[in-house]
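K.L.:
Copied straight from TrEMBL:
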- A:C206: active site, glycyl thioester intermediate (ACT_SITE)
- A:340-423: domain 'E2 binding' (DOMAIN)
Amino acid sequence: MFSIQNNQHDSSYLSLVSNVGPFNEFIDEYDPNEAFNTLSNARVLVIGAGGLGCEILKDLALTGFKKIDIIDADTIEVSNLNRQFLFRSGDVGRPKAEVAAEFVKRKSMGKNLSIVSHYCRIQDKPQSFYKQFDVVICGLDSVEARRWINATLVSLVDSNLNGLIPMIDGGTEGFRGQSRVILPTVTSCYECTLDMITPKTTYPVCTIANTPRLPEHCVEWASVLEWPRRFPGKKFDPDLSEHLDWMYETAHRRAIHFKIDGVTKELTLGVVKNIIPAIASTNAIIAASCCNEAFKYVTSSNPILNNYMMYSGDYSIFTYTYSHARKPNCPVCGNHPKTIKVPGSWDLRDFIEHIKEKHDISIGTPSLATATKQLYFRSPPSLEEFTRKNLGRKLSELLDDNEEVIVSDPKLPISLRLLVKLE
Amino acid sequence: MLKIRQLQKKKQDEDASLQSNAKDDKIAVSNNSTSAARVSAAQLRLQKDLTELDLPKSIKVNFTNPSNIFNFVLSIVPQEGFYKMGLFKFTVEINENFPIDPPKIRCMQKIYHPNIDLDGNICLNILREDWSPVLNLNSVIIGLNFLFLEPNPNDPLNKEAANVLAKNKNVFASNVKVAMRGGSVDGERYDRVI
């Protein structure tokens with residue numbers, strides 16, 4: 001029997017755990033009490049406290065999650081206030097993660113809700129930080145950050161699938177968006193689908209240099225060609241008003257010269273920061289989908305998304321869900337690091353011979369490197385010369401125990417990753 | 001979170017059936033040991049691209065700081081065409097978002113070329129609008145080399161040079177010769193590259 005006290009705060013979602021969904025994969029194993037307990041105890045990490053992050057945090061709090069962490073390295077800007085609804089004008093300049101956590105906690109009195117905020121970059125946290133969570137939800141706007149967290153979560157999974165933490169990734173671009181559930185090493189990961197990313201809109205340099213037709217061409221001319229010519233070595237910072245003013249005026253003069261309309265300060269900022277207008281309703285829909293997946297996964301009340309849902313709201317409302325296949329030669333999830341035990345007294349040459357034998361790399365010598373050091377590069381010649389001296393050095397001098405070594409060879413479809421244990 | 005338990009069980013069953021005919025191998029699959037620094041996805045890809053470079057002798061890659069493979073200098077000595085035997089140098093910058101972002105390449109010298117401006121900007125489609133992660137470092141370098149074999153007057157960055165090339169190849173050829181020796185063309189002094 002389902003015996004949770006049906007209090008006012010939890011009423012909105014209790015019916016979702018008390019009844020087994022018609023498509024539930026584990027009808028015999030499903031226990032509503034256990035589902036409720038897992039939901040109350042599950043630790044969720046929200047990455048990003050921006051447009052999607054605000055929605056996600058609110059949705060999680062309203063669907064019964066009690067232990068939430070949120071991480072974001074950004075501070076609030078005036079232009080965020082129209083859609084990042086957990087922020088008020090008085091909060092401008094403060095860390096997004098902190099303000100979002102405070103706001104949701106304040107609004108949910110008596111709900112026993114813990115929200116811990118982290119005002120830092122995701123890269124600043126160690127692996128041990130990420131290990132403590134049951135599920136990670138991303139509301140990010142950067143490919144780089146997604147690749148990083150994806151690779152981190154993949155690296156946490158062992159051969160028995162222990163340490164597997166699902167990554168639920170939301171993304172929006174204007175009226176379009178997507179949400180996906182990544183089970184690292186089981187389903188396709190973020191890196192598997194990298195080739196599908198729409199490239200940034202860029203224009204041929206010769207067009208912006210000689211035959212501008214669009215206002216964007218003028219802004220690109222100012223930022224790509226004129227800025228480095230006028231201020232060699234100085235980095236353009238779109239958040240500095242004197243930098244942006246210069247960019248706008250330069251682009252504007254060019255536009256007048258070529259009789260092009262439409263160069264405004266907003267357009268200039270949009271082009272140099274590559275801003276795609278964010279739509280609050282798209283964020284709300286995608287965030288809801290992400291939190292729905294987190295809820296289903298944690299409670300096991302219904303099957304989770306398999307594994308990619310795209311949403312389009314520009315001409316009509318349309319979604320399409322499909323199972324994105326894994327990429328067999330994905331550099332992140334396609335080759336899990338293998339542990340190899342070798343004597344520390346071996347020199348690098350012995351080690352390379354050993355690997356060649358084990359992995360059937362018969363022609364020539366592969367390239368080897370760690371995260372911080374080039375051990376040996378077979379090409380180009382200048383690197384070969386520089387790293388050649390390492391061939392005669394002992395492994396114990398070159399490597400820390402348990403350090404990851406990457407082995408690349410033209411004969412290998414993907415680089416080998418080895419965790420080297422020294423004996 | 002029953003889903004994971006179900007997946008784990010399935011995996012164990014698979015492993016058990018695999019183990020019965022597994023061969024004796026010292027290499028075991030990792031048990032989640034963690035080392036301090038992890039190799040980034042960009043580094044993985046770059047290492048592979050560098051290892052697979054297949055360049056003619058006339059193209060060299062040099063590292064000013066060999067412990068940093070993300071920045072290097074490329075030198076090209078064209079073996080034929082207008083620019084035969086000049087020595088052209090480029091800085092190549094690769095960022096942590098490679099291969100989503102293309103390598104950033106600039107010419108280090110002031111040269112007379114229709115597709116390279118006086119500041120070293122290069123008009124090559126695969127360096128910008130036609131870049132795609134399926135291209136690699138080798139294709140970009142070969143593309144750059146091609147610019148010296150076949151300068152293209154239809155995509156000008158140095159408009160004067162492009163006009164001359166389009167109108168009169170002989171004049172263009174002699175302009176290139178003068179510029180490569182460090183002389184002036186149309187009042188503009190160029191760097192000596194020969």
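For all residues, glycine too, the Cβ spot is worked out from N, Cα and C.
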K.L.:
Restricting to the chain of A:C206 (active site, glycyl thioester intermediate) and a gap of 6 or more, list residues whose Cβ falls under 8 Å of its Cβ, or answer none.
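P.N.:
Result: none.
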K.L.:
Helix, strand or coil at the residue listed as 'active site, glycyl thioester intermediate', per DSSP?
P.N.:
helix
K.L.:
When the domain 'E2 binding' (A:340-423) is classified with DSSP, how many of its residues are helical, how many are strand and how many are coil?
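P.N.:
Tallying H, G and I as helix, E and B as strand, the rest coil: 28 helix, 24 strand, 32 coil.
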